[in-house]
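Colleague: Can you keep this structure in mind? I'll have questions shortly.
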């Protein structure tokens, strides 16, 4: 029921609203005036903002507002200004080779910065944000190169990819499956020999036999010293860097059913100048030759 007479709460000393429900009275604590005025001010500001700036969505576009402001247009102006500022460097990158770009400190710095951004968008998904790679994806920070670490060699690999079916200049190599060519004993012997090149093998008595099997079946690609062949994309087996896993069982698995990674050809997607920037960036990571 409503109480027409003012009532002051005995505990708090605050006047009640005059309403009572089941013996419970509501204290009359109005909002502070500054809060009320601030609330009114935000309403007025919101109305002014809606009139001045784009705000109300229509069927095809939002209302433009009396000021005609457009954040999209502002970004367009900033992008145009950035492109204009970079135009000189971009032109020089397009005209010069990767080696010439690296030899020019200003161009090299610009290309490394631009290449790092491109790498994060297009390459980090496989090679990692720090270019350290992972199982099946080469580490680009070290000096272990399948196809060569010179600037133009890196450019060639990025531009045309690895085993990219539609690119006639792609890097290509294929390790045959030895599961039907060698006996399990021979593969075990070969794995023991390969592991002995970088660490103590678990079965040292198999090393000499494995060395002979390696010479007969593997040396034609990996070399008599097992240090690989960049022209063929055959990895160095004597440096303790493993692309598809470490250990004798991983070596045997690769011999039986080889894994062949594929890297897309980036030249059609990114264009020559951007591929050059990527090549300069990868070369700068520490393993470039």
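Each Cβ is built from the backbone N, Cα and C atoms, and glycine gets one as well.
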Colleague: To which of 175, 263 does Swiss-Prot also attribute binding of heme c 2 at the site defined by 218, 221, 222?
Modeller: 175
Colleague: To which of the residue ranges 11-33, 34-56 does Swiss-Prot assign the term transmembrane segment?
Modeller: 34-56
Colleague: Could you state the whole-number distance in Å separating the C-alpha atoms of residue 126 (heme c 1 binding site) and residue 221 (heme c 2 binding site)?
Modeller: 26
Colleague: Would you mind pulling the longest C-alpha to C-alpha span across 123, 126, 127, 263, which the record has binding heme c 1, in angstrom?
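Modeller: Farthest Cα pair among residues binding heme c 1: 11 Å.
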Colleague: If one measures from the C-alpha of residue 222 (heme c 2 binding site) to the C-alpha of residue 263 (heme c 1 binding site), what distance in angstrom results, rounded to a whole number?
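Modeller: Given the Cα positions, residue 222 (heme c 2 binding site) is 21 Å from residue 263 (heme c 1 binding site).
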Colleague: Who are the chain neighbours of the transmembrane segment (34-56) in space, where the CB to CB distance is under 8 Å and they lie at least 6 residues beyond its ends?
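Modeller: Here the qualifying positions are 62-67, 69-70.
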Colleague: Using the alpha carbons only, what distance in Å do you get between residue 221 (heme c 2 binding site) and residue 263 (heme c 1 binding site) once rounded?
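Modeller: Distance between the two Cα atoms comes out at 21 Å.
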